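A.B. asks: Have a look at this one.
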């Protein structure tokens, strides 16, 4: 473990350390990135590989080996491991974890059982056919040959019935071993009856056999085919360890040849002579080597693919679980800031952006590239905009009275803590009273009921919420020893709800009724709920209601000008004589809401309630006895101690979700932090109002599992890996996919094609895509490396068969035929060339030239690969057939060997499992049928009656008559006897080849499908994470989210932060509710705010954070990310960027107005910088905001500013003027709370007093304009939140490099901004003329100005 100074050194040099472990070996890769000393210095990244540095065993010495530097990194040319997590024991392919190995054997058991039953069917069927054959052709030895075969058939039936028992599932390996030994015994016993003389004699001079018609027995080719079948079954379906299979196979081959040779020579087989005997023994041994090589290859690749498929399917299941968690976390995250209905529509936008991101990063193959259409899609007129009008909605505004006095003697950090505590109580009340929290504006809190989902009791919900807030603040004062109160206003009407902008969005409501609800709060009385006459109509007489007495308190002018005669009421509580239960009183009296859905569905994450004990039932009865129901809201309450809240904690006045136990936790209250056994997500996903802080912390725990594993010490790595494996096994055991996956593969049972046509096309192009992408080879299961092994085996078998064929000529001292030499040379060239190409594809593809790489990519295609594969898989058979000439008629040994070699060539068609099994099996059938045809073809050119060389060797009653006779003494043809045996022999062997080819292609396709499923789930998870990150970035800044993962709150003081307020000052003139309640007006505002948000996407403005939009006011700040400011160079560089952003906003409005045709928006910007506090407020509907005197002054710079110009304070002027900006001195302006302040305007007027052309007209009147959408000025919402801070200008920027600022330009205009007709631009039902709109706008503006009042503190 590195010491602390070493850790500091690594951190100082930005060193990245990763631990890569595979199997029993581990390695550490260290990446050192020295800090840049200057902007012109670009140090090269160096990577070093330190072997065995984190291995629990092995030497750790050795010098580091540099594997990359300034040049291109080269792929390590080494043999990959068998499969992921493979043990180091190559002779026994298994996982390095017993948990994984046992789970794999258990999950693959249906496939193992199925294959074993197929083997029993095959063996039993072979016994039946051989019994029939022996009964017909060996009547004199029925007992010797037929009875054992029939007895073994009965044994196979017994084994088959045994496979249905549970005992077989526990001892299937021992069952396979028992069957193997029985098959060995039966086939070796048959060797005693091979070539037994019946009624004939052997002519030793020419090695021919003359016999009279009699019974026949198995020939040498027939017995060797049985040996091949036994060995193939041993390696492919018996499921014994490799070392045991190899040992048994070698012993069987030795005994088989020993018994066969012994009894052939002892009874009737003539000795071929010393030289020929050595050739025969060596040739037979080499043929057995070929069979064992093919069997080992099939065994290893079968194990590799089954275990790789198990891991892939298991990973797919794990990814599926992770996908559920990610989806739940994403839903919780977005539902914590907005309602579900709005969130669903917003997520579609995130899905589209994620899909576009995937497409940008995807690598398409040439076949998948589609020709671009010449028809271009029509440009989208507007950005995605979701806003709906809802009637009968109650709106509540609440303001903390006395908050300014309370905050006067508190620090900013303490103030954020108080707001979190108080708003946390309000959030809980809002949740339980079924209200929808909208946001907080400074010390103001507002929510709605009946929106976005309508409710008939919306008025009661808001009244209960208001009364609960008054009760809650009383408790707050008692606990905190403070003197504050609540002033609440409620109004009922129609609202527009939705989201404005593309970044830092939040759910909000707009309408004149919202402004009126805000006015009700401002005209209310502390400690009471001030409601309008519209709200009172929805209430009954359960509340103590009195007249609002607005005239007596505020005067006649307020009622006449602002309320316009609207009658109001004050509610102080419920009537004492009524027995109604108040939600607020119940919540604040130690009761908790019982979720009906949770009760009906049982424990979280379960569909039915789990059975409990008698004590649990008694506790449930006791709980129901203490239930309370609020008649106004229909909400049921229970005491917190009885509502399942045990184990929860109270933070910020809000109780956490109860934690339930799971099997993996090991106890009712056990928890695993940052571990693999994190609580299931289903336990925490029922509450849509969960704190976003908890979501981020939970997301960090899930995401931190893999990070923690790579950084663990070597001594703990094994323990952590065991826990990971145990968790992996537990997850897949609960899923039925694994069992169905192997037992019911998603493929067509006849053609073996995938049922999904798109998946089939993808499968056929997968090999080519792997070559195109030059994917690294990690395991034997890789498609390119698997092909390399197939080509290597094909070359090996071809060379061995060719050598055995050429050995005969050395023994007989005869030259080989020219045709055989030519075929051998051509075949060898093809094999070597294929081997070189395969090695090139696997290890050296990045080094080939472009033309060669194109050729390799073409070869990797589906059709070329099958054509080349068909040739390669047939080369051994072609080599054997090239040696069949007329000479083989005269020698029994050569003829028998040739037939045996053809059998090996047929078995070789089990190679190349990536190719179609139909193609390989068909070619094997053709090769076998070719040998049978030789029985009817004479190689003698002078004879009209032909004779096969095998006929002369294998017919016991044939007498050699060279070139002119092939008829037996009794007149029968040779093929009439020996042909039937060979037909049966090749039929059984081809049947086994067809079966194995089918099984291994299915296995290969399942392995590919497992990869696809795992990648698909991994892509979905990544998409979910991208969406969550996208949401997170649009809710709170990224650096703030990282902090919230480890703490419940966030607040930070900044010494020099820049703040701007930009208001569309004449939006109230543009806004009118005559059509769709003003929805289309807000669509236009959404477009303009979206243009502002797009500016933030530019790299030049990445240091600017959008804070929020307040109606038609846009608020942004800079210098809030300390780490980013330190990397930027000068500490005040962010102020220049923020000022350039403000200038660019002016230009955006100018461009926007050029396309408006009939209305010009006017932007007014206020700029200031200085110390401020940034923090996150609330437990639900989190809001990232900034406070401080700097923010207050920036807001006043906006409200007291000039249209189409930027107003800055004197301190900001000093800094910006040194950066090269010219200002006009405005004079002194009366700023609320600050008195007279000197301000400056940008841009500077020209000599003739005219503002530059790109600016709009300047209004000489300085008017304080409040927000037209909610009736609150940006200054009012944040004024006096913190004690005044003495402002002083600090270090200024005096560099000469920035004497002339460069203005950013918009790169392109939006396509929808082309001049169009007014009726096309705004679909208000008819064309809107400028004059009529101006008339309507003036009337509406005058009405709005009467409703808007400044908030008094």
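Don't overthink the numbers, they just go from 1 along the chain as shown.
Each Cβ is built from the backbone N, Cα and C atoms, and glycine gets one as well.
Straight out of Swiss-Prot:
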REGION    1-27  region 'Disordered'
COMPBIAS  16-27  compositional bias 'Polar residues'
REGION    51-73  region 'Disordered'
REGION    349-375  region 'Disordered'
COMPBIAS  359-374  compositional bias 'Basic residues'
BINDING   399, 400, 443  Mg(2+) 2 binding site
REGION    596-615  region 'Disordered'
REGION    641-685  region 'Disordered'
COMPBIAS  661-676  compositional bias 'Polar residues'
REGION    1290-1314  region 'Disordered'
A.B. asks: Within 8 Å of the Cβ centre of 399, 400, 443, which other residues of the chain have their Cβ, at the recorded Mg(2+) 2 site?
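C.D. replies: Close Cβ neighbours, site residues excluded: 398, 401, 403, 442, 444, 445, 484, 486, 487.
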A.B. asks: Could you tell me which three-state DSSP class residue 443 (Mg(2+) 2 binding site) falls into?
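C.D. replies: Looking at the DSSP assignment, residue 443 (Mg(2+) 2 binding site) belongs to neither helix nor strand, so coil.
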A.B. asks: Sequence gap of 6 or more, C-beta under 8 Å: which same-chain residues meet both conditions with respect to residue 400 (Mg(2+) 2 binding site)?
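C.D. replies: Residues satisfying the criterion: 422, 443, 444, 473, 484, 485, 486.
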A.B. asks: I'd like the Cβ neighbour count for residue 399 (Mg(2+) 2 binding site), meaning other Cβ atoms within 10 Å of its Cβ, all protein chains included.
C.D. replies: 25
A.B. asks: Within 10 Å of the Cβ of residue 443 (Mg(2+) 2 binding site), how many other Cβ atoms are there?
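C.D. replies: Excluding its own Cβ, residue 443 (Mg(2+) 2 binding site) sees 25 Cβ atoms within 10 Å.
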